[in-house]
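**Student:** Just passing along the structure, written as structure tokens.
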Amino acid sequence: MSSANPKPSAPVLDHDKVADQAGSGSYVANFESKDSALTRFQKFLHKYPVAAPTIVLVFAIIGFSLLVGDRFLHPFNLSLVLQQVTIIGVIGVAQTLIILTAGIDLSVGAIMVLASVVMGRMAIDHGLDAGFALLIGISVGALAGLINGTLITRFKLPPFIATLGSWNVFFALNLWYSKSETIRSQDIANNAPLLQWLGETISFFGARLTYGSLLMLALFFLIWYALNWTAWGRHVYATGDDPAAAKLAGIRTDRILLSVYVLAGVVCAIGAWVLIGRIGSVSPQAGYTTNLDSITAVVIGGCSLFGGRGSIYGTLIGALVVGVFRNGLALAGVDVLWQEFTVGILIIVAVGVDQWIRKGTA
Amino acid sequence: MTAHYDQQPVLQARGLVKRYGSVTAIDHADLTLYPGEILAVIGDNGAGKSSLIKALSGALVPDEGEILLDGQPVHFNSPMQARELGIETVYQNLAVSPALNIADNLFLGRELRKPGILGSVFRMLDKKAMEERAQAKMKELGLMTIQNISQAVESLSGGQRQGVAVARSALFGSKVVIMDEPTAALGVKESRRVLNLIKEVRDRGLPIILISHNMPHVFEVADRIHIHRLGKCAATITPESHTMSEAVAIMTGAMEVDDSSAAA
């Protein structure tokens, strides 16, 4: 990179060029000799962080359709992929919000399971109206997020440690409250069908979409709007990007962080509803890997773990990349362990690419 | 534009005191800023200029003394309160968000929302209005070498970033702009641009308090120079009344000044 910029004045010219890529085309040619193709690619990725996962997704789809043929591209299979990534997508929304603030939430999966157990027990064991049980479950999610947010903003604990602790606490509470018992699908279907509603499907052209998948897409749209079109969203980015600068600009960063953790808790509780729809029953052992899967989706989606960079639809693409790889490899008859292997490689490559992008434009 | 020393001061600090345990950072300090002037504040490290400036920008609450804005006593508990009263601060460490674009940075914390239901219910940002106003302000201050108002601040040079910070203060500052070492992080060429920008802001009627270590810069742009020493004002001079080495001598205590109000 630096070897391609022989003159010391080159960095000053670089941003002119970046600006020009968006504007007139004639100017770009003047600087082509200064930037190698690799450097330009790096800058392109920096400007459009979602580009990398999108490229990977497109190539993965092409690759698997060549490898396993029509079975992969069949609308039913593609809608299956969407169903398979729905929970990770929803929890990924929560995780994205937190990672944008340069935090991390290891407790998202535990919040989801705890909320699902609360929803199930409220509706089945306590005989509450299913809608009311849902609201209580969502309140539990909000409360869990409030606890995380308070630990991080008030007691200044690092998010990793705070949520590592609360993960265990929430998971233990979940085992205690559920008595480690599963609520059977049949009982829910008879007494509180609303809890399973998100698992119902609508079919068209051979594709079967669940209401849960549609809710996930709606959540992505809602949070995309909030992040990009409201002052709150700008403040979330600013807080993650440079908290000191955000504070100097008059943003109450602690409030922003607290709101992000509470919102993430609510989204996780919505994920609990989706989870019940997906598996039918309420199990205190369900969704145990969701924590790390959600981080995987966010990271592959191009969000920077250092905060302030990335976009919410990157996470959707990240989740789809993981879903497509797992599904495609399964259809190709590859052992599950190689699915895990591939996802691991994807994570490492994604973080590596992020580091490389950041290094080139510091 | 010349400063108006016969008028009421815009900003005045009287007998400010701030102690940290046994350390007295501000020791009965006074400061007077007149309309239309650039008042430089210089002082050795540890002289307490930062504390004084923090008190004036609301980042620090003094233990004693009073601050007058247009002759009225004011009291700030946070930088936000000072900003609401029209005192803007440009910080040394380029207090801009690198990943956000220029327009977003100018309006950070003071975003404009769309009129009507889109703004009131859906809280929708009026990106177009913000971009237009940002564009107009950058143009007015001669910063239009920055072509694209929606480019990320991190793609700008240090001087351009400082330009964004100065434009932000000029956009919202209605009374006073405080600049804390605005050229400290910049190269020679970029410092020059920022100095011109400072004069430009002053010529548009905003008085400026400029904190700087750089004597040539201070002597170039300042109308008056407030020399801070041992937590208080040792002297107020002008670039005409004293030389740079005299200013340094006063700053370090090598030279005593009897009449500290000699210059104004």
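Every residue, even glycine, has its Cβ placed from backbone N, Cα and C.
TrEMBL feature annotations, pasted as is:
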| type | residues | note |
| --- | --- | --- |
| TRANSMEM | A:50-68 | transmembrane segment |
| TRANSMEM | A:80-100 | transmembrane segment |
| TRANSMEM | A:106-124 | transmembrane segment |
| TRANSMEM | A:131-151 | transmembrane segment |
| TRANSMEM | A:157-177 | transmembrane segment |
| TRANSMEM | A:209-227 | transmembrane segment |
| TRANSMEM | A:256-276 | transmembrane segment |
| TRANSMEM | A:297-325 | transmembrane segment |
| TRANSMEM | A:337-357 | transmembrane segment |
**Student:** Out of A:80-100, A:256-276, A:297-325, A:337-357, which stretch has the largest tally of CB pairs under 8 angstroms to the transmembrane segment (A:131-151)?
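**Tutor:** So the stretch in question is A:256-276.
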**Student:** Count the CB pairs under 8 A between the transmembrane segment (A:297-325) and each of A:50-68, A:80-100, A:106-124, A:256-276, then give me the winner.
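**Tutor:** Result: A:80-100.
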**Student:** Count the Cβ pairs between the transmembrane segment (A:256-276) and the transmembrane segment (A:50-68) that lie under 8 angstroms and are 6 or more residues apart in sequence, then report whether there are at least 3.
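**Tutor:** No; fewer than 3 Cβ pairs under 8 Å.
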**Student:** Out of A:50-68, A:80-100, A:209-227, what stretch is closest in contact terms to the transmembrane segment (A:106-124), meaning most Cβ pairs under 8 angstroms?
**Tutor:** A:80-100
